[in-house]
Structures are given as structure tokens and as C-alpha cells.
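Straight from TrEMBL, the features:
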SIGNAL    1-22  signal peptide
REGION    24-89  region 'Disordered'
COMPBIAS  35-86  compositional bias 'Low complexity'
DOMAIN    94-172  domain 'Blue (type 1) copper'
BINDING   120, 158, 161, 166  Cu cation binding site
């Protein structure tokens with residue numbers, strides 16, 4: 001065999017071996033790259049799922065907190081209603097020369113408001129109120145409120161319109177001062193006293 005032919009075959013064989021080695025290297029290098037892509041994708045999806053779960057958990061916690069807050073508010077409202085102790089508020093309206101109603105029955109601790117008091121006042125005088133209760137006179141034209149804690153019969157008047165019969169009576173609980181009020185009531189007070197006795 002000619003030396004030149006042998007040399008050609010050796011060169012061709014070396015070239016083929018080098019090419020095979022290069023292909024093998026490229027395959028090994030590309031394989032990890034191919035493997036890494038799915039791993040990165042899976043990691044990204046896992047992180048997204050984790051973030052979604054965290055968001056859902058946070059939302060659920062927020063909803064729970066909101067529910068607790070609503071419950072606490074309802075409980076506070078309920079406590080506020082109960083803390084009144086059953087006391088009631090009543091209203092008396094001043095007319096031209098009369099209180100409406102003229103006679104009002106309430107419980108100890110209840111409050112009374114007088115409205116439409118332009119040109120009127122209230123005057124609770126000693127002798128026409130129970131012992132232990134304070135005399136009370138309001139300014140002309142002022143709408144006012146008062147809480148009644150002492151049981152008994154209270155007679156009162158509007159000073160400018162007393163002669164025209166603008167008097168009133170408030171019965172708080174069980175009045176035990178009726179005899180004293182009967183003894184002291186004069187003039188138009190007797191009108192309020194008669195109306196009050198009719199409701200006892």
C-alpha cells in the first residue's frame with residue numbers, strides 16, 4: 001500500500017474521531033442546559049404558587065379581622081344600649097299657654113326635655129316638689145332637659161303665663177309627698193294638682 005494512501009486514511013480517521021468527540025461534548029454541554037430550564041420553570045411556578053397561597057392566607061386573615069371587628073362593634077353597641085339601665089327620655093312641648101302633656105308619669109332616673117320654649121320657662125318651687133329635690137328655675141326661651149332621681153310629685157309653672165293656667169305636674173315613681181303638695185298648692189297650681197291626682 002502506498003504511504004500517501006495510508007497517511008490519508010490516518011488523517012481521515014483522526015478527523016472522524018475528533019468530530020465524534022466534539023459532538024459528544026456538545027451533547028453533554030447541552031444536556032444540562034436542557035435539564036436546567038425545566039428546573040427553573042418548576043421553581044418559578046412553585047414560587048408563584050407560594051405567593052398566591054400567601055395572598056389568599058393574608059386575605060382570609062383580613063376577612064377574619066374584619067369579622068372580629070364587626071362583632072366587637074356590635075358587642076359595644078349592645079353594651080351601650082344596656083348601660084342606659086332602662087332609663088327613658090320624655091318630651092314636653094310648650095304651647096301658647098300650656099304644657100303638652102300637662103301631667104307626665106315617669107320612673108326614677110328618667111329624663112324630661114322641654115321643647116318649643118320660646119317665651120316660656122320652668123319654675124319648680126320649694127313646697128311643690130318632694131323633700132330632697134332641688135328647686136329649679138330655667139331661663140326664658142331655653143329648651144332644657146332634667147333627670148329626676150327623687151320620687152314624688154312635682155308641680156311647676158311658666159312664670160309669664162301662670163295666671164293663664166300654664167302649669168304642669170310630673171309624677172316620679174310612687175309619690176309620698178301628696179299631702180304636702182296639697183297643702184302648699186295655690187292658685188293655678190291646684191289645676192295641675194287635680195289633673196295629677198286623677199292619674200294616681
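Every residue gets a Cβ built from N, Cα and C, even glycine.
Just so you know, TrEMBL annotations are computer predictions that nobody has curated.
Positions of the features from TrEMBL, shown on the structure.
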residue	record	Cβ within 10 Å
120	Cu cation binding site	23
158	Cu cation binding site	24
161	Cu cation binding site	20
166	Cu cation binding site	24
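Across the residues of the domain 'Blue (type 1) copper' (94-172), the predicted structure has a mean pLDDT of 98. A helical conformation is recorded for residue 161 (Cu cation binding site) in the three-state DSSP classification. DSSP assigns residue 166 (Cu cation binding site) to coil, not to a helix or a strand. Secondary structure of the domain 'Blue (type 1) copper' (94-172) per DSSP, as helix, strand and coil residue counts: 6 helix, 32 strand, 41 coil.
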